[in-house]
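Peer 1: Would you mind keeping the following structure in view while I ask a few things?
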Protein chains: 2
Amino acid sequence: MRQLSTQDTDFEQQLKDLLAFETVNDVDLLKTVDDIIAQVRHDGDKVVLALTQKFDQHPATTIQELELSKQSLAEAFDSLDEKVKSALTTAATRVQTFHKRQVQETWQYEDELGNRLGQKVTPLDRVGIYVPGGLASYPSSVLMNAIPAKVAGVTEVIMVVPAPNGVLNPLVLAAAHLAQVDRVFTIGGAQAVAALAYGTKTIPAVDKITGPGNKYVAAAKRAVFGQVGIDMIAGPSEVLVYAEGEAHDRADWLAMDLLSQAEHDRIAQAIFVTTSSEQLAQVATEIENALAELPKADIARDSLQNRGALILVKDRSEGMALINRIAPEHLELSVDDPDALLDDIRHAGAIFMGRHTPEAIGDYCAGPNHVLPTSGTARFSSPLGVYDFQKKSSIIYCSEGGSKPLAETADILAQHEDLEAHARSARYRYQ
Amino acid sequence: MRQLSTQDTDFEQQLKDLLAFETVNDVDLLKTVDDIIAQVRHDGDKVVLALTQKFDQHPATTIQELELSKQSLAEAFDSLDEKVKSALTTAATRVQTFHKRQVQETWQYEDELGNRLGQKVTPLDRVGIYVPGGLASYPSSVLMNAIPAKVAGVTEVIMVVPAPNGVLNPLVLAAAHLAQVDRVFTIGGAQAVAALAYGTKTIPAVDKITGPGNKYVAAAKRAVFGQVGIDMIAGPSEVLVYAEGEAHDRADWLAMDLLSQAEHDRIAQAIFVTTSSEQLAQVATEIENALAELPKADIARDSLQNRGALILVKDRSEGMALINRIAPEHLELSVDDPDALLDDIRHAGAIFMGRHTPEAIGDYCAGPNHVLPTSGTARFSSPLGVYDFQKKSSIIYCSEGGSKPLAETADILAQHEDLEAHARSARYRYQ
């Protein structure tokens with residue numbers, strides 16, 4: 001695992017190399033995805049079924065078999081072990097409680113002219129949530145996507161999840177039950193995105209598609225953006241753990257927090273930043289110790305080797321600058337007084353404060369969303385939230401008297417934009 | 001201009017044809033744009049200058065000449081006619097006042113376990129605003145893009161505006177001064193988008209790009225989405241005017257409001273919906289009358305012919321359903337009591353209430369933004385706003401005691417997702 005120091009003469013270049021990650025938008029991929037979308041738009045259900053049989057080896061012979069009944073979701077939930085049922089319920093409740101605080105309300109006010117201005121907030125009618133299948137089929141992802149939509153008041157939440165060979169993680173179905181998902185189709189890939197964006201006879205068209213997926217899903221989401229809304233184009237998951245070698249730090253905890261990111265994926269990224277070279281060495285050792293016992297050591301090792309780093313910074317101020325430069329998806333502040341750092345942090349998807357807040361708690365059950373901006377996009381985007389499932393309409397209500405001065409202003413500006421009909425339309429209101 | 005009735009047997013198909021509009025994502029366009037982006041990433045300033053000379057016939061011979069000084073912006077403002085200066089200032093002040101209400105604040109709360117959860121709100125560091133040049137170079141667009149960014153607290157607002165033959169509308173520069181734009185480059189097209197997304201030696205990389213543009217700009221924005229944030233892919237502008245043939249309606253006003261949209265562009269869309277066939281006929285007549293006198297009658301006629309419609313609905317409820325189906329960018333409710341309709345309207349970019357609120361007032365100076373979701377995207381997106389220039393980071397701070405029950409829940413769920421490092425990382429906190 002690479003060890004860097006901001007004092008290295010080539011640190012700048014090393015950091016660039018470390019952070020270099022771009023979704024491959026290769027021409028073949030785009031063409032494949034465009035073809036699939038075109039086919040689904042043209043032949044609907046037939047193509048969706050055929051591609052699901054082909055790519056997922058799904059045994060269904062009709063499109064109807066690709067929809068799961070609400071009954072089957074409820075059964076999946078009911079047959080869970082009590083301990084798991086309770087954990088999942090706790091997670092769902094906490095996620096719901098947090099997200100309720102994000103609900104935006106309509107507001108209006110009267111200006112000094114007697115005109116009324118405002119912003120009307122409305123939930124989306126219908127959204128599609130994409131849940132990856134196979135290895136990365138996580139019940140927590142179902143909760144994190146569906147609950148904000150439901151809290152926002154979305155009328156219908158449609159979930160798609162591919163079921164390779166027809167097999168699904170029952171916890172995913174249980175989570176769909178718990179989150180009150182309205183309909184579930186066991187489809188995936190670009191064909192699922194296309195079906196949700198344009199609709200087929202069986203699968204209803206939605207207004208927005210959220211949720212992570214592989215490169216086909218990402219390319220398809222980019223292609224249908226505009227026809228429907230999308231959340232973001234997710235890259236590999238990352239964590240940045242920051243510490244300052246304080247007495248209460250536990251190198252084994254820090255190491256495991258980094259590994260919990262690295263075990264996700266060979267291209268996941270775990271970065272440790274510290275002001276203490278002793279601590280850096282301890283964490284390196286503890287990572288090796290822990291790797292010896294982890295079932296996914298192979299994946300984690302690759303991830304750390306390819307994209308991980310232990311970085312020594314001179315002081316806190318350099319640390320904060322580095323964090324803002326990286327704009328990590330997950331940021332752990334393993335320090336005695338994380339509040340002292342909070343003001344200086346401008347860019348991060350989620351900030352895990354103090355030693356008792358490992359990322360894993362946020363992944364499952366703290367309450368805030370685990371769908372977070374990756375690859376530095378925290379510079380300009382936010383965690384998935386209720387605000388992604390509500391939208392706004394401006395309200396403008398001019399009184400007869402209040403309209404006149406505004407109409408006069410609009411008249412003048414319209415004339416200078418050479419828009420005579422605009423000017424006349426305004427003039428009617430004050431002359 | 002086509003006249004439809006919901007009673008027509010083929011109304012459904014006619015409506016589909018009317019609303020059919022898709023940005024042409026033809027392969028040649030995408031390839032051209034991808035090439036330009038690749039060139040700009042590789043050769044930076046040199047390519048930006050060369051393409052600006054080529055596409056805009058700009059006389060500059062160095063990249064530095066493509067930046068306007070703050071001095072020149074101030075001079076453009078100072079030399080405005082007093083009436084225009086005052087109108088522009090009124091517009092800017094009103095836009096600022098409205099947008100201040102959109103500012104979101106950081107919040108935190110303590111849960112029942114003693115953990116602290118919240119959402120930290122931070123402005124973006126640097127944004128780029130694209131202002132179309134030539135014919136559609138509107139000072140109002142500068143205000144509508146730059147002011148929300150400034151209200152959000154964005155550190156640096158960079159404006160790009162192409163200057164065909166080196167010529168610019170002085171009002172655009174004056175508006176940039178008024179809106180406190182930090183830097184202005186007279187560049188446009190895909191090369192401007194690429195320069196803003198990736199940065200060159202002279203043009204700084206931004207975190208988000210907003211503002212409308214032609215099909216090259218739209219394709220380039222789609223391509224760089226992920227590297228930077230973007231607002232939306234704008235389609236042609238539209239208005240839907242709704243009336244019920246009440247006594248106070250003025251057919252000439254209604255006609256001019258429709259024409260103010262139609263004069264924008266041959267593919268702009270103006271739709272009139274009414275419950276009264278008499279009123280429909282009157283408005284048709286008034287449109288013809290007004291067209292006889294408008295300087296842009298030629299453009300407006302094409303727009304009405306190609307994409308306009310006068311639609312008769314049976315009653316209010318059918319009218320509301322049609323509005324929600326169309327999800328218009330601009331919606332005018334020309335009725336005695338528009339508030340009675342407001343609850344039923346789910347999808348519209350901006351709602352202009354009553355007879356004294358023509359779209360033109362909102363275009364310039366009511367206060368709410370005129371950058372609005374087009375082509376039915378009001379189903380899932382919002383007017384441009386301060387929220388587009390702020391982003392959120394989740395805050396999670398578990399106390400030592402409050403962490404334990406959450407860590408236990410996370411442990412159970414992580415085990416069921418086969419993520420052992422997650423489970424152990426959680427377990428450290430409660431065992």
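Counting starts with 1 at the first residue shown.
Just so it is clear, glycine is given a Cβ too, placed from its N, Cα and C backbone atoms.
For reference, TrEMBL lists these features for the protein:
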type     : residues                                                             : note
ACT_SITE : A:Glu329                                                             : active site, proton acceptor
ACT_SITE : A:His330                                                             : active site, proton acceptor
BINDING  : A:Tyr130, A:Gln191, A:Asn214                                         : NAD(+) binding site
BINDING  : A:Ser237, A:Gln261, A:His264, A:His330, A:Asp363, A:Glu417, A:His422 : substrate binding site
BINDING  : A:Gln261, A:His264, A:Asp363, A:His422                               : Zn(2+) binding site
Peer 1: Taking Cβ atoms only, which of the recorded positions A:Tyr130, A:Gln191, A:Ser237, A:His330, A:Glu417 fall under 8 Å from chain B?
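Peer 2: From A:Tyr130, A:Gln191, A:Ser237, A:His330, A:Glu417, flagged as close to B: A:Glu417.
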Peer 1: Excluding A:Tyr130, A:Gln191, A:Asn214 themselves, which residues in that chain have a Cβ inside 8 Å of the centre of the Cβ atoms defining the NAD(+) site?
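Peer 2: Output for this site, in sequence order: A:Pro132, A:Val160, A:Pro162, A:Gly188, A:Gly189, A:Ala190, A:Ala192, A:Val193, A:Gly213, A:Tyr216, A:Val217, A:Ala220.
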Peer 1: I need the most crowded of these binding-site residues: A:His264, A:His422. Count other C-beta atoms within 10 angstroms of each C-beta and give me the top one.
Peer 2: A:His422
Peer 1: Specify the count of other C-beta atoms within 10 Å of the C-beta of A:Tyr130 (NAD(+) binding site).
Peer 2: 28
Peer 1: When you tally the Cβ atoms that lie within 10 Å of each candidate's Cβ, which of the binding-site residues (A:Gln191, A:Asn214, A:Ser237, A:Gln261) has the highest tally?
Peer 2: A:Gln261
Peer 1: How long is the line from the C-alpha of A:Tyr130 (NAD(+) binding site) to the C-alpha of A:Gln261 (substrate binding site), rounded to the nearest angstrom?
Peer 2: 21
Peer 1: State the count of C-beta atoms found within 10 angstroms of the C-beta of A:His330 (active site, proton acceptor), not counting that atom itself.
Peer 2: 28
Peer 1: Determine the minimum-neighbour residue: among A:Glu329, A:Asp363, A:Glu417, listed as recorded positions, which Cβ has the fewest other Cβ atoms within 10 angstroms?
Peer 2: A:Glu417
Peer 1: What's the CA to CA span in angstrom from A:Ser237 (substrate binding site) over to A:Glu329 (active site, proton acceptor)?
Peer 2: 7
Peer 1: Between the Cα atoms of A:Asn214 (NAD(+) binding site) and A:His264 (substrate binding site), find the distance and write it as a whole number of Å.
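Peer 2: A Cα-Cα distance of 14 Å.
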Peer 1: Take the C-alpha atoms of A:Asp363 (substrate binding site) and A:His330 (active site, proton acceptor) and report the distance between them in angstrom, rounded.
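Peer 2: If we compare the Cα positions of A:Asp363 (substrate binding site) and A:His330 (active site, proton acceptor), the gap is 10 Å.
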Peer 1: DSSP secondary structure for A:Gln261 (substrate binding site), reduced to helix/strand/coil, please.
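Peer 2: In three-state terms, A:Gln261 (substrate binding site) counts as helix.
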Peer 1: Fill in the CA-CA distance, A:His330 (active site, proton acceptor) to A:His264 (substrate binding site), as an integer in Å.
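Peer 2: The Cα atom of A:His330 (active site, proton acceptor) is 14 Å away from the Cα atom of A:His264 (substrate binding site).
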Peer 1: For A:Glu417 (substrate binding site), which of the three DSSP-derived states applies: helix, strand, or coil?
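Peer 2: Reduced to three states, the DSSP call for A:Glu417 (substrate binding site) is coil.
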